[in-house]
Amino acid sequence: MSVLLRGVRLYGEGEQVDVLVEGEQIANIGAGIDIPDTADVIDAIDQVLLPGLVDLHTHLREPGREYAEDIETGSAAAALGGYTAVFAMPNTTPVADSPVVTDHVWRRGQQVGLVDVHPVGAVTVGLAGAELTEMGMMAAGAAQVRIFSDDGNCVHNPLVMRRALEYATGLGVLIAQHAEEPRLTVGAVAHEGPTAARLGLSGWPRAAEESIVARDALLARDAGARVHICHASTAGTVEILKWAKEQGISITAEVTPHHLLLDDSRLASYDGVNRVNPPLRETADAVALRQALADGIIDCVTTDHAPHADHEKCVEFSAARPGMLGLQTALSVVVHTMVVPGLLSWRDVAQVMSENPARIAGLPDHGRPLEVGEPANLTVVDPDVTWTVTGDGLASRSANTPYEAMTLPATVTATLLRGKVTARGQKSPV
């Protein structure tokens, strides 16, 4: 089967070209390519072609909470958002702390076939922070687990974290830390600041995140290990990351679209959809995060896609489960916050949403150059078409988007996974 993408601009640059995909690879790039008789032609005149997006941080809820999301609906949302590979966090039921669970998640992703679903293995048994899991067995299993995290919980015991980093280094895998000192966040539901004080909400201090980021940078330095920081949310974290990188410490970090765009002023409505961990911070933090992404201090954008059913969100703010949808809106939010103001080019978007996450995770066939012979994991974006977000109109089984009724720029018009069209015109095969 052949697919011809007609009239695209690679990375949004240069002249319009046609891109011919044959089988699983890019077969030809040029102007006026003859259309094979059997080709599926996608007219994408003056649209942007990017390598398929890669998300290091999602919650697909399977196994255990399929009422909120499952691998099929999550994969559909990912494909419609331009993603070709996603990483599913281990806070499922049961926890993904053994090859039984991680291999199940991998196989389910393969069955659905819309994106490559890579399970993230737990660092500690049951996410309890005490006993290390058999990371080697998960890395050697069918899923070949590349990233380990207790996300949702912090590996807060420094000795356990140091042992995890040492173990991971020997296996050639990565530890991703949910940076939260739990003794500073007991009962916290909102950023600690004037807004939380005025609204009577228990505050989550910046220091809860920053203290763990600093500690883990030092642990990684001493262990000669890599460490990845999940969902950076404060200006102070940016400064610590900058210092650590200047010292030659092997540390990478991600930021979510919602922390780039939103701030804690939204909490005035007491709408549970705005509760998220780490919490929405102040405007100054969002500005610092945007600049850090532009400067390369923060390496990549991840969604932290966290579906929750209505009965888990439509409650009083402090009782709402934390998390937001993100897979279908991420690219548009990045365009809004980073491309429109001139902080990033489309080529930069490819770097922070495809190339860097693929490199961090060690995915050899994603985040590749747009060249002949490369895998046809591709995303086509119309930069000139806006769309209005509605939770009910998203592919996820849940509707907890913080962007309800917002009009966002840029629309994904097609996604290809190894040459197979997995989304087209905001429709998915699922």
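Placed from the backbone N, Cα and C atoms, the Cβ positions cover glycine too.
Quantities reported herein were computed from a predicted structural model and do not represent experimental measurements.
Among His104, His118, His191, His231, the residue that Swiss-Prot places alongside Asp151, His178 at the Zn(2+) 2 binding site is His231. For the Zn(2+) 1 site that Swiss-Prot gives as His57, His59, Asp151, the extra residue drawn from Asp295, Asp299, Asp304 is Asp304. DSSP classifies His57 (Zn(2+) 1 binding site) as strand under the three-state reduction. Residues His59, Leu60, Arg61, Asn91, Asn277, His308, Pro322, Gly323 are listed as the substrate binders, and the farthest two of them sit 17 Å apart at their Cα atoms. By the criterion of other Cβ atoms within 10 Å of the residue's own Cβ, the least surrounded of the binding-site residues His57, Arg61, His178 is His178. Checked against His178 (Zn(2+) 2 binding site), the recorded positions His59, Leu60, Asp304, Pro322, Gly323 differ in C-alpha distance, with Asp304 being the nearest. When the alpha carbons of His308 (substrate binding site) and His57 (Zn(2+) 1 binding site) are compared, the span between them is 16 angstrom.
Within 8 Å of the centroid defined by the CB atoms of Asp151, His178, His231, the record's Zn(2+) 2 site, lie the Cβ atoms of His57, Met89, Ser149, Gly152, Ala176, Gln177, Ala179, Glu180, Cys230, Asn277, Asp304, excluding the listed residues themselves.
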